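Taken from Swiss-Prot as is:
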ACT_SITE  K265  active site
ACT_SITE  R339  active site
BINDING   K253, D258, D276, E337  Mn(2+) 2 binding site
BINDING   D258, D335, E337  Mn(2+) 1 binding site
Amino acid sequence: MTELAAVSFVYPDLDALAAETAKIAVLVPAEGTLNPGARRLNRLTKGAVARAVESAAFEKLKSGESLSLGYPAGMASDEVILVKLARNAKPLEARKAGAGLGKTLGKEGLLIWAAGLGQVAELAFGAALRAYRFDARKSKSEDALGPITVCATKRDEAEAAFADRRAVAEGVFFTRDLVNEPANVLTTTEFADRLTAMADLGLEVSVLEEADMEKLGMGALLGVGQGSESPSKIVVMKWMGGGDGAPFALVGKGVVFDTGGISIKPSAGMEDMTMDMGGAGVVAGVMRTLALRKAKANVVGLVGLVENMPDGKAQRPGDVVTSMKGDTIEVINTDAEGRLVLADVMWYAQEEFKPCAMIDLATLTGAIIIGLGHENAGVFSNSDDLSGAFLKAATAEGEGAWRMPMGPAYDKLIKSRVADIKNVGGRAAGSITAAQFLGRFVKDETPWCHLDIAGTASVSSATDYAPAGATGWGVRALDRLIRDGYEG
């Protein structure tokens, strides 16, 4: 797993600044008032800091943006970074500013003079999130990233506040690594092995093999993987830190590679379908976070791991499969496979654990990208309370999410002539009909949200908190949802 950059908190030491060899970042409010650290740097650089702060370039900066002074005279450091940020910055402002600094982290390390800032832990969290790179498959790794050292007036408070944030960041990195892995590395077996290894953190982990699923009647899931040499699996992760109450259930789609099956995808862009297990990756990251921070909550995470390949044994368009629930499904398009996987895993989750609520995540439809782009995940729900709580958590964490409509009028689009339901409708309302399909496998008494993360799980250009590639979207929001609403 990609390791977080080392983050530590120290008391401010003005006398140490001249000899510091790491990059040095100092916070300056919009009005340009220099704090003690900035004043010392200004003296050391013979007024260069003050001149930069008084410049038009600094004036044009938005909150959280920065201006860099390279190779300043009088300093051992090669770079001084001036960050425009108020002492009373809001949490997301501080986090975004930290992310901007984390992006610059190199082998020499980074010293952030944050004395007097209220949201020191958020600043450090942002820096840790952005200081990520995936080079596990390169023949030569880049130099290891140096440490992030944060100067804080209330050092002990900042360190304590960051402890849980460190756990979240580790969960995000775990998700990103899983989503970034190529499919010849992250097979269904390798994926299951990595999740099983989290038993070392205190999670209870079990694996359902194909024979187990056959006994349970999971024809929908098994049909997807029958054309692959990689065996289909369901991995169940349990964290029971909240007493005797019913658990919260997270369910993830884990298609480790999606060719589309017999309804094969165009070759252009098919290499990106290594990320089609993004929902399972998020579930894994959340469960890792909960275990690391010893959450006082009961949560079960279930992921359905399959590979969708064309083969002489592969599922065909027109096949009818029987789900664990007993509903029959006409497979119109074998490339609409994720909903078949989720249908059986969601039903199993409800039968086995009787959860107090359930959220599924999946890179499910291209239609959600057409509707919401890469800024927001689609939120579909049968519960205003659950969807509202999730949207509140996502907003607090700065993760884009937008609620989409559902309703019985859409059911006619997936009505089958030969089975109870078909797995895809026409072009109209594609993400909604996918959610309507999943809704058939949710019991009336189960509050449920479906998160379509096709546009947010992996992106082609860098975001505020991640380089191009896997983002880890959803780990932060789901951890906050559980923390705020489901912990004792």
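Every residue, even glycine, has its Cβ placed from backbone N, Cα and C.
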Quiz item: What same-chain residues, at least 6 away in sequence, bring their CB to under 8 Å of the CB of K253 (Mn(2+) 2 binding site)?
Solution: D276, M277, G278, G279, A280, V303, G304, G338, V341, L342, D360, L361, A362, T363, L364
Quiz item: Among the active-site residues K265, R339, which residue has its Cβ surrounded by the fewest other Cβ atoms within 10 Å?
Solution: K265
Self-check item: Among D258, D335, E337, the one of these binding-site residues whose Cβ has the fewest neighbouring Cβ atoms within 10 Å
Solution: D335
Quiz item: Whose Cβ lies within 8 Å of the mean position of the Cβ atoms of D258, D335, E337, the Mn(2+) 1 site, other than those residues?
Solution: V224, V255, T259, G260, G261, S263, K265, D276, N308, T334, A336, G338
Quiz item: Other than K253, D258, D276, E337, which residues of the chain come within 8 Å of the Mn(2+) 2 site, judged by Cβ distance to the Cβ centroid of those residues?
Solution: V224, G254, V255, M273, M277, V306, N308, G338, V341, A362, T363
Quiz item: According to DSSP, does E337 (Mn(2+) 2 binding site) fall in a helix, a strand, or coil?
Solution: coil
Quiz item: In whole Å, how far is D258 (Mn(2+) 2 binding site) from D335 (Mn(2+) 1 binding site) when you measure between their Cα atoms?
Solution: 8
Exercise. Return one of helix, strand or coil for D258 (Mn(2+) 2 binding site), based on DSSP.
Key: strand
Exercise. Tell me whether D276 (Mn(2+) 2 binding site) sits in a helix, a strand or coil according to DSSP.
Key: helix
Exercise. Ten-angstrom check, please: count other Cβ atoms within 10 Å of the Cβ of D276 (Mn(2+) 2 binding site), all chains counted.
Key: 28
Quiz item: Which one is it: of the recorded positions D258, E337, R339, whose Cα lies the shortest distance from the Cα of K265 (active site)?
Solution: D258
Quiz prompt | Secondary structure of K265 (active site) (DSSP, helix/strand/coil) | solution = coil
Practice problem: Would you mind reading off the Cα separation of D258 (Mn(2+) 2 binding site) from R339 (active site), to the nearest angstrom? | Solution: 13
